[in-house]
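Taken from TrEMBL as is:
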- H71: active site, proton acceptor (ACT_SITE)
- D72, V75, G77, D79, S81, E93: Ca(2+) 1 binding site (BINDING)
- T200, D251, T254, D259: Ca(2+) 2 binding site (BINDING)
- C40-C120: disulfide bond (DISULFID)
- C73-C78: disulfide bond (DISULFID)
- C126-C329: disulfide bond (DISULFID)
- C206-C238: disulfide bond (DISULFID)
- 30-333: domain 'Plant heme peroxidase family profile' (DOMAIN)
Amino acid sequence: MGFSPSFSCSAMGALILGCLLLQASNSNAQLRPDFYFRTCPSVFRIIGDTIVDELRTDPRIAASILRLHFHDCFVRGCDASILLDNSTSFRTEKDAAPNKNSVRGFNVIDRMKVAIERACPRTVSCADMLTIASQISVLLSGGPWWPVPLGRRDSVEAFFNLANTALPSPFSTLTQLKAAFADVGLNRASDLVALSGGHTFGRAQCQFVTPRLYNFNGTNRPDPSLNPTYLVELRQLCPQNGNGTVLVNFDPVTPNAFDRQYYTNLRNGKGLIQSDQVLFSTPGADTTTLVNQYSSNTFAFFGAFVDAMIRMGNLRPLTGTQGEIRQNCRVVNPRISVVENDDGVVSSI
């Protein structure tokens, strides 16, 4: 199912409250799902209501938030470093090639943070907020619910150079994809195939599709794995030398729903970008079996996706006294220094 305007905020609140109560019985060593059970019990409702409100005018936002979380976690762990703007100390990850003019949803994250700070000042990290938002985005789009381990803290710096090298490219081969995932600790084939299923909703720009349509790997021919009918459709949407920022649905069948259709598309040669189609079309690949399995079994896909999301969410978290709880997700908290002058007067700067 996709988002429906008839899905009321009150129903959303009841659903999130139920999820929160279920989460209270789960825990693990470092992060635990009930982390905010006493300190900010309204966090799920606030985030959920914000997403529901945005979905009324922007059906892309659920997929955009999930992608934002993915791009955050692949760069030094899930620490909200991707949300930081430029500063005198570092360059923002938003300017890195995989993110520039591509990742979106920052204004929605800002609205969440303002509401959460009003309800629970200096309590909920931007990293946890983004993690919760990605889970609720999937749920609202018809996907699974899972207990989100929480207790992350926020990075005090961004990693522009790492963002340029760590994030998988839409032009990646299967070998390159596996290496990128293994580099961050996601070394199971199911991690790669299930998380790629996040492309079951959302859009991509033509600039990431066009090379497959006209000059695949410098051959001046289309990618041979493309379904011929789909090739014609994509060329109409993304003409050669056309506007590279035009948006195309990842899934032409159910573009706003989180379902298993993505894998059926791969089996039919209708993966939108190269790094999707290689999961099925690479000869002898161990990922092909998983594509077949997930395309025919929603429970298998949802189970693998939940497992991979939890594993990704646990990548190098900052906890305890590491990092900080940002009050504004775009900037590091101001540093306060205590200074005593010659007269013994203490002041803060």
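Cβ from N, Cα, C; glycine included.
With respect to G77 (Ca(2+) 1 binding site), the closest of these recorded positions in Cα terms is H71, chosen from H71, C120, C126, D259. Take the mean position of the Cβ atoms of T200, D251, T254, D259, the recorded Ca(2+) 2 site; other residues of that chain with a Cβ within 8 Å of it are F201, F250, V253, P255, A257, F258, R260, Q261, Y262. The residues near the Ca(2+) 1 site, meaning same-chain residues not in D72, V75, G77, D79, S81, E93 whose C-beta sits within 8 angstroms of the mean position of the site's C-beta atoms, are H71, C73, F74, R76, C78, A80, I82, S155, A158, F159, A163, in sequence order. The two recorded residues C206 (disulfide bond) and C329 (disulfide bond) have their Cα atoms spaced 30 Å from each other. Every protein chain shown contributes to the tally, and the Cβ of D259 (Ca(2+) 2 binding site) ends up with 21 other Cβ atoms within 10 Å. The two recorded residues, the residue listed as 'active site, proton acceptor' and T254 (Ca(2+) 2 binding site), have Cα atoms 24 Å apart. Highest Cβ count within 10 Å among the disulfide-bonded residues C120, C126, C238, C329: C126.
Taken together, the residues in the domain 'Plant heme peroxidase family profile' (30-333) have a mean pLDDT of 97 on the 0 to 100 scale.
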